[in-house]
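Listed in TrEMBL for this protein:
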- 1-37: region 'Disordered' (REGION)
- 67-89: transmembrane segment (TRANSMEM)
- 116-264: domain 'Peptidase S54 rhomboid' (DOMAIN)
- 121-146: transmembrane segment (TRANSMEM)
- 158-175: transmembrane segment (TRANSMEM)
- 181-200: transmembrane segment (TRANSMEM)
- Ser185: active site, nucleophile (ACT_SITE)
- 212-231: transmembrane segment (TRANSMEM)
- 243-263: transmembrane segment (TRANSMEM)
- His248: active site (ACT_SITE)
- 275-297: transmembrane segment (TRANSMEM)
Amino acid sequence: MAAAGDLQMEDVNVGRDVEEELEEEKKMREDGEGKDPFKNKKVHKMVSKWMLPEHARRTYLERANCLPPPVFIISISLAELAVFIYYAVWKPQKQWITLDTGILESPFIYNPKKREEAWRFISYMLVHAGVQHILGNLIMQLALGIPLEMVHKGLRVGLVYLAGVIAGSLASSIFDPLKYLVGASGGVYALMGGYFMNVLVNFREMIPALGIFRLLVIIVIIALDMGFALYRRFFVPANGSPVSFAAHIAGGFAGMSIGYTVFSCFDKTLLKDPRFWISIAAYLACVLFAVLFNIFLSPAN
């Protein structure tokens, strides 16, 4: 009898869930026929399941739209692709699958001998060492950055991305002070770090079966990318140019601190969240230490 009662209760709950889902879909269809023709509720509903815990999805869907569209991550990706094509096609190269000697003279690359040119600590993200390098970064930042920007908008995604880029170059200048640095891996790892922490913290609410899959995918991608970066750093051929890998790790930590805070409170005022100011203060303290290290203690001086 108890089992029969439990079964009946489960049937009632399932029926209630189905009714709620049908009502939600009906409401979304009505919203789609309303004032805002740009709202695509099906796309936003799918994005919300991948990016937000269950308790935050309804709030997101009530105000979800594509205005503004994900301009930041698309613009950054196009800029990186344009710079790669420039160095691969218009600048003289022996071959364009792996760019080494041709990019070392670039005004964008992080060069430890030209650290007084402060823009290089950011502009290095525009230059990539080869096809595999740029394709990996573009695929990851578009696949992860576009959904994140649909939810959190470009200002927050840009903050996390650039925090990872700056953290990457400063970490490289400390832990690998004599090596060049190219690529947007610091920014990409910041996005992955922030998303990874959100999935980890809200694991039970973000579709557990797919949550496991998402965590495994991120871990596999990080392992492969870090393996390639370590190979380029320590096993590069004698005629090649070793490139630092510290940006990957620093970008990931920036994402797990600032990124997690930014991506976990999409429906709240970020400036009122004490976690945001704590993570920003810690980040700025690390930046100040790195700047002082470069001025007074760096072996590259």
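The backbone N, Cα and C atoms fix where each Cβ goes, and this holds for glycine too.
Only sequence-distant pairs (6 or more apart) were considered; of these, at least three Cβ pairs between the transmembrane segment (158-175) and the transmembrane segment (243-263) are under 8 A, so the stretches are in contact. A distance of 6 Å separates the Cα atom of the residue listed as 'active site, nucleophile' from that of the residue listed as 'active site'. The candidate set comprises the active-site residues Ser185, His248. Of these, Ser185 has the most other Cβ atoms within 10 Å. Here the transmembrane segment (243-263) has Cβ contacts under 8 Å with residues 51, 129, 148, 151-152, 156, 159-160, 163-165, 167-172, 174-176, 179-183, 185-198, 201, 222, 225-226, 229-230, 232-233, 236, 270, 273, 275-276, 279-280, 282-283 of the same chain, all six or more residues outside its ends. Simply put, out of 67-89, 121-146, 181-200, 181-200 has the most Cβ pairs sitting under 8 Å from the transmembrane segment (212-231).
Residue counts for the domain 'Peptidase S54 rhomboid' (116-264) under DSSP (helix as H, G, I; strand as E, B; rest coil) come to 117 helix, 4 strand, 28 coil.
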